[in-house]
């Protein structure tokens, strides 16, 4: 039997709420077995960009990463956010170690090809190249990897990477060695029929149902890439749930079937 | 016989010079045996502080670290500088992993007591508590730890820490397990009799000679704490040299006797 590994991804709105962050990190630390955290960046990167007078450009909810913006996200995701999460987890007794994909060459990516939009220094993960050997070395050594959403191309270039995709890519790559569970935590109860109504929670979601909800325009725009990532992991035998950050250890949430 | 470990510290002026940085990292990667890097921050932290309109306050060459300044150094040292060094080392084939003292709980420190000056969130390292077990786990696993000068108090607080002191503390703590050599790299040829004349290099420096040069006011102010740290490591049987970053693998430099 493979050992258990729980991968938790916390979104930007969780990072921006110190109380919610503290709660989810506490519950995360208490999860049984091996674990790994992936975190988004939150509004801090946009805020710092603004104060540094660097314009923030978004296309379809994704940040366009020019050289200066890459510096900001490297500072904010890799430094400010990641290191404060590490210090907080350590204070809670969790032996966390902060990583980008460049650290220990864990995750390589390639710069996204320019089609209609030039996203700049944005990296698409090479899932087959994820360094599962080094990751399991760290995990089996009792460490809890905490990834910010940065990767590298192994040629010296850091790349901004979508945190949801990083979480599902890690879950897929590590599912060979671990019985892997992936939990997306954010500021909603899960996948909702009405984004304004936390009681409209879908408790179990099949891929067919997801496609239908997408066709009907029911699922919120920002939710679609997250669920695409989630179902991709599901197809690789990863157990996937989407839930509120305050419900990490509660059964309330959306389970993918 | 203990395995060899070389600890290299590169200063801020090396960080600020991309060509020198590239050269020293390349030579660092080619050093035989286990190795570990400690880096300073350079002028980028002051530059970012200025752009964020945060005043930089220095006392005796040390940065006063209020809460906002701590955010800046966490961003710059832990994020921008550390992660770019990691990506660069990885591109050169060195399996580097970026760390603060909070990561894997490697280095704890206590907030410096307020005497004449309140340095703010500045940490003095608890050398006896340095987590040599976790560090040797990483090193013996083939990884090259790269420390920025941040530690934590294990209560959730990150602390700004002098990089020279961090390097000598690590050298002392790891000297039990490794035959440890400490190399301070900066933008001068070593300890100079005349700070303006790179040919006035002192090739071998005893503690007595250092005290005498200090009394005579010959040694440059900024050099004194570095050499205090260096001689402290020397007393713990660490081999110590001070040299130009471009001379990492050359015999030119000051050896402590």
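Cβ from N, Cα, C; glycine included.
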* Asked: Considering the substrate binding residues B:41, B:42, B:160 given in TrEMBL, which of B:51, B:63 is annotated for that site as well?
  -> B:63
* Which residues does residue B:41 (substrate binding site) neighbour through Cβ under 8 Å, counting only same-chain ones at least six apart? -> B:12, B:15, B:73, B:76, B:77, B:81, B:148, B:149, B:163
* Per-region confidence, the domain 'Aspartate/glutamate/uridylate kinase' (B:4-240) (mean pLDDT, whole number) -> 94
* To do: Determine, using Cα-Cα distances only, which of these binding-site residues is closest to residue B:9 (site 'Transition state stabilizer'): B:42, B:63, B:160.
  => B:42
* In whole Å, could you give the widest CA to CA gap in the substrate site formed by B:41, B:42, B:63, B:160? => 14
* From the Cα of residue B:226 (site 'Transition state stabilizer') across to the Cα of residue B:63 (substrate binding site), what is the distance in angstrom? -> 16
* Asked: Taking the Cβ of residue B:9 (site 'Transition state stabilizer') as centre, how many other Cβ atoms lie within 10 Å?
  -> 29
* Translate the DSSP assignment of residue B:42 (substrate binding site) into the three-state scheme. => coil
